[in-house]
Amino acid sequence: MSPAATETERWCVVTGGRGFAARHLVEMLVRYEMFCVRIADLAPAIMLDPQEGNGVLDEGLRSGRVQYISADLRDKSQVVKAFQGAEVVFHMAAPDSSINNHQLQYSVNVQGTQNVIDACVDVGVKRLIYTSSPSVVFDGVHGILNGTESMAYPIKHNDSYSATKAEGEELIMKANGRNGLLTCCIRPSSIFGPGDRLLVPSLVAAARAGKSKFIIGDGNNLYDFTYVENVAHAHVCAERALASGGDVSTKAAGQAYFITNMEPIKFWEFMSQLLDGLGYERPSIKIPAFIMMPIAHLVELTYKVLGPYGMTVPQLTPSRVRLLSCSRTFDSTKAKDRLGYAPVVPLQEGIRRTIDSFSHLTAGSQSKREGPSKASRILGGGKVADTLLWKDLKQTLIAIFILISIYYNFVATGSTVVTALSKALLVASVFLFLHGILPEKIFGYTVEKIPASQFHLSKDSSHDLSLSVISSWNTTVKALRSLCQGNDWSFFFKVVFVLLALSLAGAISLHSIFVIGLPIAFLAFLVYEKKEQEIDSIVVSFKSFACKHKSDVYEKLFGSKKHD
């Protein structure tokens, strides 16, 4: 139960107060003693992070100047209870923007926002500041350069988050003036800074997985990134403007405002500075967005299927690809003129502070894998593993070039297997002959000759090959004997499954193997190596599910026979 506010205390409420930007706002409000702060969030109790111990928030909680109340915005009675005695509400709560679940986003961003408005009116809150997003004017297709608040909402938004934030924003602006309530909307662009749990951690995870070397798009798209302390400052400016009275509050109320650092920068240059500062490789390889989009759709579809079995929310989604390849810059002149907003931390200083705050994620701090990965062990750990896992980039690119050459010269022409093989042997013979007649030096460069020993099969290799053939023959004979006895149903089904798989594989053309199989081989093992834990957990869940039903099926099929 929240203690009642005394006459001398001025209380404000921050919904979603344990979120990234909200934490910085709470700390600013408490540090400068602007308000007593009531944090409203979903968790049943507040749990301070280690770095918050003995800090401003910890001291505020102990002194009573900061309160925590558990509240679900979808329950109006809980919202009303949280707002009792408050003069100002900073409505910052929202689901993760990467979760493209319309029902969840709508229930919080629209229905929850309506509950916030109604509760403010019911308990007499004077000012309501809503944290919106620049994505409310983004259609996911067309870039935005120096966008202003005069831009209309698009017919179709990039995702459910953007669409529902736009609906919530409309509700907030229409509520201005109800029972004396003054409202406005803040649209902070691409927030970054200490305490971020999405941008920098995702960037570092990509770097450690070897994916940060890629640039999606042409790399020239501009962005407005906003340091988190400037976002908190913008909320304070909005509250002060609404509280000023007269023309200032009249002009400020019922409006939306873009908030930026007022220093546009190329998106990939910003990412490069963060990566470079943390000791990782800068992105340099450009991949067109139209190539990444089908992959992103496939990842999103996979998540819809495997999400219930523990798959984490993917960062590569169609909406993210659009965001990474488009320009998005905004004009903050209106916020400057009507709210008195100006950034208090410059962009480069914000980047420096952010890098310093994530020192535990630097390249030298990551734990090393002991021994080869499971994917490498599956592939034998030799040259094949190094090639398919891109360990030796030169070797991998040479292998890809050779396979592409084989495809276009022998497979794509529609040749039969015998014709393709004869052509390949012809090319090999011509190459070896010409290579043999070349002089040892050409224009001062030494020509490395292929020694005859390369084509010689040693006695040990011959012995090993013979043992492999004999072992395979004995294994086959043993399997046939087991089948002849007719007792092992499990083994019978395994044999049937393998033979059916081979028959299906035999129906696949050489063309399909090259076009579909080889690209998958060069990607599947690499993906498995990078996401080994996640994939293994999904496999374990599937096996557990299969085992639960295996005994029932077996009993139904063969139980009656045993009873007979």
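Using the three backbone atoms N, Cα and C, a Cβ is placed for every residue, glycine included.
Keep in mind it's a predicted model, so treat the numbers as computed, not measured.
Of the candidate ranges 24-44, 486-506, Swiss-Prot annotates residues 486-506 with the feature transmembrane segment. The secondary structure of Gly19 (NAD(+) binding site), as reduced to three states from DSSP, is coil rather than helix or strand. Annotation for Lys165 (NAD(+) binding site): same-chain Cβ neighbours under 8 Å, separated by at least 6 residues, are Ala94, Asn109, Ser132, Ser133, Ser135, Val136. Asn146 (N-linked glycosylation site) is 19 Å away from Asn158 (N-linked glycosylation site) when you measure Cα to Cα. Put simply, Asn474 (N-linked glycosylation site) is 67 Å from Gly16 (NAD(+) binding site) when counted between their Cα atoms.
Computed over the domain 'Reticulon' (384-564), the whole-number mean pLDDT of the model equals 71.
Straight-line distance linking the Cα atoms of Ala21 (NAD(+) binding site) and Asn146 (N-linked glycosylation site), rounded to a whole number, equals 23 Å. The C-beta environment of Tyr161 (NAD(+) binding site), restricted to residues of the same chain at least 6 apart in sequence and closer than 8 Å, consists of Ala94, Pro95, Ser97, Ile99, Asn100, Gln105, Asn109, Ser133, Ser135.
When the record's NAD(+)-binding residues Gly16, Gly17, Arg18, Gly19, Phe20, Ala21, Tyr161, Lys165 are compared pairwise by CA position, the greatest distance found is 19 Å.
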